[in-house]
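These notes are about the structure you will find just below.
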């Protein structure tokens, strides 16, 4: 019995081994077939993704559909913000109800029918300001500074008088306000006719961007210009990196002298309107003070801004010029616009907390920018947080073949994350918005936009630096692995 059982067990074992072998062979065959199928699918996908047709679709989407959508949508967005603040008590819910029982086009017709495209008065104010700003660019003293070397080997030169321009303009605004008040007039006419301001700026900016498009094609200021062959994309993105007209740098005017300065003036006008309606309101006070401190810091550091990705990478087209001429005055001031008709009384405790945290955010943001500048000016021979900084001396090649060197800082704020300075910038925007509290979403429109913008910009900047520095950038990313939020992202 034992022998029989042993023989039977041995036979069963052999049979099981044979069946197992057959099963394993079959399973391996199935796995091989699956693996081959996946590899074949991957190869076919790669061929498809690399096909001319697929590349055409990607280019068509990114270079045509997206620009067309944005050029149609953002002008309407500016009107939506105005309509929400003036007609819907700052409530997006009330704004959306306009479309209830109507088609999209019928709803848009209702909204646009309540706006004014412009007036002689508003046009005169805007033209007068532009003439003033251009004159001050030439007349005010300032040392000459240079921007970063371009891929074509050009070095832009600027007159660094932005901070003086800001101080003079704010003083003149106060003087003008006092004078107008003596005659029963007020600068807050700009608030009362704010729809006219936005629409006039939008129409002008569309035309101005066409001028820049043709200038870049037929009369470029430098070799950093050209066409992609796609008219829509060229108009949207621009045909020239650093256009100048009669000696005036276009980006300095649109980004700094108009966009940022008008932001400060509108914040002041909206705060004045709030005071005319309700007297002193602490929520508007916090909102206005933090924005004005931030803008003051911007102009103090203007020469540094002229070395940022906005200036270095973006050409002068609809994306940046229309954005600075219309989008900044329209969106960036939206929380102040909201606060005019929705006053909130915070009390001394919350007012102090919000002001303190906002100012702290500004200090950190400024110190981070200063840290990088000091290290580069000292060629790395300095201290950061009491220690010798960790740097990478990265070389890169220009399109003309010249080899240059740059310093990548991996210490201090820049050792925490590659774009740590975005955190205090977002915090600051939050602290000048939170005085509106949480009754509506509208005052947080800019904060939401800023988060999206800076995350997107971090990817753009990393891609630009990766293409520029190659292995040096990979080494830097190993030393500073986090993109924005240390330990998280």
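Just so it is clear, glycine is given a Cβ too, placed from its N, Cα and C backbone atoms.
Where the annotation comes from TrEMBL, it is an automatic prediction and has not been curated.
TrEMBL lists 1-18 with the feature compositional bias 'Polar residues'.
The region 'Disordered' annotation in TrEMBL covers 1-31.
What TrEMBL records for 60-83 (among others) is transmembrane segment.
Marked as transmembrane segment by TrEMBL: 122-141 (among others).
Sequence-distant contacts of the transmembrane segment (162-185), counting only residues of its own chain at least 6 positions beyond either end whose CB sits under 8 Å from a CB of the stretch, comprise 133, 136-137, 140-142, 252, 256-257, 261, 264-265, 268, 272, 295-296, 299-300, 302-303. Residues or ranges marked as transmembrane segment in TrEMBL: 162-185 (among others).
Annotation comment: TrEMBL describes 197-214 (among others) as transmembrane segment. Outside the transmembrane segment (197-214), and at least 6 residues removed from its termini, the chain residues within Cβ reach (under 8 Å) are 75, 78-79, 82, 115-118, 122-123, 126, 190, 234-235, 238-240, 243, 250, 316-318, 321-322, 325-326, 329-330.
Marked as transmembrane segment by TrEMBL: 252-271 (among others).
The transmembrane segment feature in TrEMBL is assigned to 277-295 (among others). Here the transmembrane segment (277-295) has long-range neighbours at 166, 260, 263-264, 267-268, 270-271, 335-336, 339-340, 343-348, 351, 354-355, 358-359, 362, 428, 431-433, 435-437, meaning same-chain residues at least 6 beyond its ends whose C-beta is under 8 angstroms from one of its own.
Per TrEMBL, the feature transmembrane segment maps to 316-338 (among others).
Among the features that TrEMBL reports, transmembrane segment is placed at 344-366 (among others). When Cβ-Cβ distances below 8 Å are used as the criterion, the transmembrane segment (344-366) is approached by residues 281-283, 285-286, 289-290, 293-294, 297, 301, 413, 421, 424-425, 427-428, 431-432, 434-437 of the same chain, each at least six residues removed from its ends.
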| note | Outside the transmembrane segment (60-83), at least 6 residues beyond either end, the same-chain residues with a Cβ under 8 Å of its Cβ set are 95, 108, 111-112, 114-115, 194-195, 198-199, 202, 228, 230, 232-233, 235-237, 318-319, 322, 326-327, 330-331, 334, 337, 442, 445
| remark: Near the transmembrane segment (252-271) in space but 6 or more residues beyond its ends, with Cβ under 8 Å, are 129-130, 133-134, 136-137, 158, 162, 165-166, 169-170, 173, 187-188, 190-191, 284-285, 287-288, 291-292, 295, 298-299, 302, 305-306, 310-311, 316, 320-321, 323-325, 328-329, 332-333, 336-337, 339-340
